[in-house]
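Enquirer: Let me give you the structure first, and then I'll get to my questions.
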């Protein structure tokens, strides 16, 4: 039986070896590149695979159609996932006739999700285990094939329990894999009523609350002991980490967080005292408790505290889905420039946000909104403001993939809106200037202009009507269920990181990127229907400032409002945009590295976009709502925007590529 394996960590190594020992043919292994910021104390699946002579890959997005096609060419009979960190798309799961199976580090249906090893210790469980289950679209929700229980001893910490689970996993796989190889794969459904879900743990989750019971604090120490980041507290501004501890039942009447004694080092909790056996001050070395007390300058009666607060208010948590996109990455930068915002983000890639990945107030998970529904629901509940920015928003895709546009832009986003309703969270939703369609007004008014689209046989309008329908649903939820919302409608925002030249090469980019690609490659600039269509181009900096003010929502003035964000003064036809771009290109210092200008070429829209396309003559916003609600006025001239956008793309072109 031929297998394709997705694996990482020690469990991944155990799984690969067990599959080989059971006599399977492994066609390929998919793993992850190690993160330099992570403590990689565990075994390397890639080194194991290379040593065994098995092809091994570590794609950024294994769910990309290119990788799906490559896996299909391998023709696997069965798929295994052993601690692979990303969910697999349904397209991949359906490639193996015998099914796809995941090894999870808990006794399902309990502790679905991330970091079950740590969570069972945090919660003081006495038993856990490993489960092999069928993979379905929802994480850890498929039918159970086999499981093995593991007792948790009182002196177990994260690393010792990790070793126990690896041993149990190997035993489980050794017993079940030969049976599965013969085609006998019995499974039983999980009981949904018993399901629990836990999210990813972060280093900052190790902060100790001394007002908790001593058993809770001790369990936290066990759960994140080395090589995990550790449980920590503060003496003044000095951070220290506790690596091992024991419970003392008597707090001697001391207040929580008070140092009872320094030799041994004991700290009062809500109902007892924690004895600190070993610990570490700052980035120093690990020492025993009494030496730690001496290093920190602790005396009996001292009070430990939480980290020094930058302000009395909790930071506002903003959830951005599609955080790696054009708007998402620029908005993240604006929010992180303010001390009182924390950003949680998801996207299928991280190239545009790589500059934020180590920022302490930026929390990113690579994932797909159509797959990671439980993560999304958890973070909608956790955050204060939600921005669902994921959408297919390039015209050629409207005619090429109308059903996919509807599924993503409407159906997936509707689910997120319903989470916002359920947990009573404020949503800032990206409508679009496209909802106005072929409106005949000189400028489009959010509250008065008619929304006019073409006939059903023009799939070009699928994006417009998907967004419009969601606008109406959100409005109805506001009226009937009290949903707090603001709809914003961007008008042709431009700037650095708009999209990519590779996207332009397959026709799936914004207009200016396509024009820049023509200049870079020395191909004619294509003017669709002569390029007479007029748009109002808005600098990303102006747009993001307006969006930031919507999030701030001073005096709640944005609640229940629809706000156009565009620059009426920057109106130009596509032909005028192309001419301005060409002028800037000819003056650019890198101009000599690129081919000669190949001229303009007039192209009929039907031949470029397909028969389902229909264009709009003009699109100009009224920005009265933005002025009134935000005190906002765009200020950046179109030429400045064009020059900055062009400069970004030209400098992104590889030197060798320029020369060719």
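Quick reminder: no glycine exception, Cβ is built from N, Cα and C everywhere.
According to Swiss-Prot, the feature active site, proton donor maps to 104, 619. According to Swiss-Prot, the active site, proton acceptor annotation covers 434. Annotated NAD(+) binding site per Swiss-Prot: 347, 368, 369, in sequence order. Among the features that Swiss-Prot reports, UDP-alpha-D-glucuronate binding site is placed at 393, 398, 432-433, 460, 492, 526-535, 613, with the record citing sequence analysis. Residues annotated as region 'Dehydrogenase ArnADH' in Swiss-Prot: 314-660. For 102, the entry in Swiss-Prot reads site 'Transition state stabilizer'.
Give me the structural setting of these features: burial, nearby parts and distances.
Expert: Its own atom aside, the Cβ of residue 104 (active site, proton donor) has 26 Cβ atoms within 10 angstroms in the protein chains shown.
Residue density at residue 434 (active site, proton acceptor): 24 other Cβ atoms are found within 10 A of its Cβ, drawing on all protein chains shown.
Taking the Cβ of residue 619 (active site, proton donor) as centre and 10 Å as the limit, one finds 21 other Cβ atoms among all the protein chains shown. Taken residue by residue with DSSP, residue 619 (active site, proton donor) is part of neither helix nor strand, so it is coil.
Here the Cβ of residue 368 (NAD(+) binding site) has 18 other Cβ atoms within 10 Å, regardless of which shown protein chain they belong to.
Long-range Cβ neighbours of residue 529 (UDP-alpha-D-glucuronate binding site) (same chain, at least 6 residues apart, Cβ-Cβ under 8 Å): 602, 603, 604, 605, 615. According to its DSSP assignment, residue 529 (UDP-alpha-D-glucuronate binding site) is helical.
For the region 'Dehydrogenase ArnADH' (314-660), the predicted model reports an average pLDDT of 91.
Taking a C-beta cut-off of under 8 angstroms and a sequence separation of 6 or more, residue 102 (site 'Transition state stabilizer') has the following same-chain neighbours: 80, 81, 82, 132, 133, 134, 135, 140, 142.
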Enquirer: Taking the residues 347, 368, 369, which the record names as binding NAD(+), find the longest CA to CA distance and state it in Å to the nearest whole number.
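Expert: Max span of the NAD(+) binding residues, Cα based, is 8 Å.
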Enquirer: Between residue 368 (NAD(+) binding site) and residue 393 (UDP-alpha-D-glucuronate binding site), how far is it from one CA atom to the other, in Å?
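Expert: Cα to Cα, residue 368 (NAD(+) binding site) and residue 393 (UDP-alpha-D-glucuronate binding site) are separated by 17 Å.
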Enquirer: Given the recorded positions 104, 347, 369, 433, 532, 535, which lie close to residue 619 (active site, proton donor), meaning Cα to Cα within 10 A?
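Expert: Correct set: 433, 535.
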Enquirer: Looking only at DSSP and grouping its letters into three states, which state does residue 535 (UDP-alpha-D-glucuronate binding site) belong to?
Expert: strand
Enquirer: According to DSSP, does residue 104 (active site, proton donor) fall in a helix, a strand, or coil?
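Expert: Its secondary structure by DSSP: strand.
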Enquirer: Work through the recorded positions one by one (104, 347, 369, 434) and name whichever has its CA nearest to the CA of residue 393 (UDP-alpha-D-glucuronate binding site).
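Expert: Comparing Cα positions, the candidate nearest residue 393 (UDP-alpha-D-glucuronate binding site) turns out to be 434.
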Enquirer: State the count of C-beta atoms found within 10 angstroms of the C-beta of residue 526 (UDP-alpha-D-glucuronate binding site), not counting that atom itself.
Expert: 17
